[in-house]
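S.K.: After the structure tokens below, expect a handful of questions from me.
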Amino acid sequence: MAFLALGINHKTASVDVRERVAFTPEQLVEALQQLCHLTESREAAILSTCNRSELYIEHEHLGADSILAWLANYHHLSLEELRASAYVHEDDAAVRHMMRVASGLDSLVLGEPQILGQMKSAYAVAREAGTVGPLLGRLFQATFSAAKQVRTDTAIGENPVSVAFAAVSLAKQIFSDLQRSQALLIGAGETITLVARHLHDLGVKRIVVANRTLERASMLAAEFGAHAVLLSDIPAELVNSDIVISSTASQLPILGKGAVESALKLRKHKPIFMVDIAVPRDIEPEVGELDDVYLYSVDDLHEVVAENLKSRQGAALAAEQLVSVGAEDFMSRLRELAAVDVLRAYRQQSERLRDEELSKAQRMLANGSNAEDVLIQLARGLTNKLLHAPSVQLKKLSAEGRVDALAMAQELFALGEGSTDKTPQ
């Protein structure tokens, strides 16, 4: 039984690398099943967001190199390139890492709540793929509990700091009066929902939500009094859009340089502010080369985020302590579980010996033997049988000079110093 947490994130890899290592929702089930089959991982889950791609694995004797090799091969990367950005946590450190991630302590935005939902989705997908068993399942449940306690017992989530908030904060710096601005939001997921909420609260003049399906776009638009369109309508909407914020799960760019260039001409080169939160990117990087376009990626949000984190630093210290306690408690309980099978086997063996001696005593009583003599023989016989195997093994270990095993046996049987009966025979 061992755990591995392996991956890359915004601190170790550029957005170029992250988008190449990202998994689409459609890939996850097949990727998990392939991972377990080819690497002999016993249990596995994958967390893939715009800021990180991580693999959580339970195994018996598996090196991180085989997992890295699988990940590099799956995404058609060189092993050296991936290894340069990857990190590996094992056992206790892996447990603590998972709990830190779920609590928002390892996020670009300290304490952001979205990561817990993403972690729960990773668990649900792994269950669907059939790659989560009892051990990784227990770890996920302990991780969710630790993250919930961090939210409940600290102030780490009190202030509205998130990637979505950072994107809107940048927009406020570009446009002094957002109430005169029009925004085009591409996507309809959790991040875009947060962006829409922030823009709506700031009184943005008009919000348009573009999505692959009109139904999902309409649901989000209705919540904030916005307009819903399809992705194919984006070129027409660009002409009136001062702010464009995109976050989809598309594997290919949705917005190219040509479409933006055409929109700028019709806008008479009135500036467009763009934030691409997606990984892989939704907006071609070449769009940033255009005059009158302010294009920011996820990595560009670091500075804005840093300015909004000061109020959370104190809470983070308390959260780290809670996570450490949670990780230690989980590993302690897991190690206790490792003894369950041994204890069960020992109990079954003891009960078999008991039943044998009891049957013998019952036969003696049926044959008219003295009850007191039968009880004495029952007690002696049971004691001898229970002690036989341990006695043989202890003598063998002693002959081999295994002082450590003898000391362990003394602790196992709760034999303190002076507990030996020294009554003369």
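The backbone N, Cα and C atoms fix where each Cβ goes, glycine too.
Quantities reported herein were computed from a predicted structural model and do not represent experimental measurements.
Heads up, here are the entries from Swiss-Prot:
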ACT_SITE  Cys50  active site, nucleophile
BINDING   Thr49, Cys50, Asn51, Arg52, Ser107, Glu112, Pro113, Gln114, Gln118  substrate binding site
BINDING   Gly187, Ala188, Gly189, Glu190, Thr191, Ile192  NADP(+) binding site
SITE      His97  site 'Important for activity'
S.K.: Give me the count of other Cβ atoms within 10 A of the Cβ belonging to Gly187 (NADP(+) binding site).
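M.R.: Neighbour count, Cβ to Cβ under the 10 Å cut-off: 27.
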S.K.: C-alpha of Thr49 (substrate binding site) to C-alpha of Gly189 (NADP(+) binding site): distance in Å?
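M.R.: Here the two Cα atoms lie 12 Å apart.
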S.K.: Given the binding-site residues Ala188, Gly189, Glu190, find the one whose Cα is closest in space to the Cα of Ser107 (substrate binding site).
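M.R.: So, spelling it out, the nearest of the binding-site residues is Glu190.
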S.K.: Can you name every residue in this chain, apart from Gly187, Ala188, Gly189, Glu190, Thr191, Ile192, with its Cβ inside 8 Å of the center of the Cβ atoms of the recorded NADP(+) site?
M.R.: Leu185, Thr193, Leu194, Val195, Leu220, Ser247, Thr248
S.K.: For the substrate binding site, please report the maximum Cα-Cα distance among Thr49, Cys50, Asn51, Arg52, Ser107, Glu112, Pro113, Gln114, Gln118 in Å.
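M.R.: Spelled out: the longest distance between any two Cα atoms in Thr49, Cys50, Asn51, Arg52, Ser107, Glu112, Pro113, Gln114, Gln118 is 15 Å.
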S.K.: What does DSSP assign His97 (site 'Important for activity'), in three states?
M.R.: helix
S.K.: For Ala188 (NADP(+) binding site) and Cys50 (active site, nucleophile), what Cα-Cα distance in Å is obtained after rounding to a whole number?
M.R.: 15
S.K.: Between the Cα atoms of Pro113 (substrate binding site) and Glu190 (NADP(+) binding site), what distance do you get, rounded to the nearest Å?
M.R.: 11
S.K.: Would you count the other C-beta atoms found within 10 angstroms of the C-beta of Glu190 (NADP(+) binding site) for me?
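M.R.: Looking across every protein chain shown, the total is 16.
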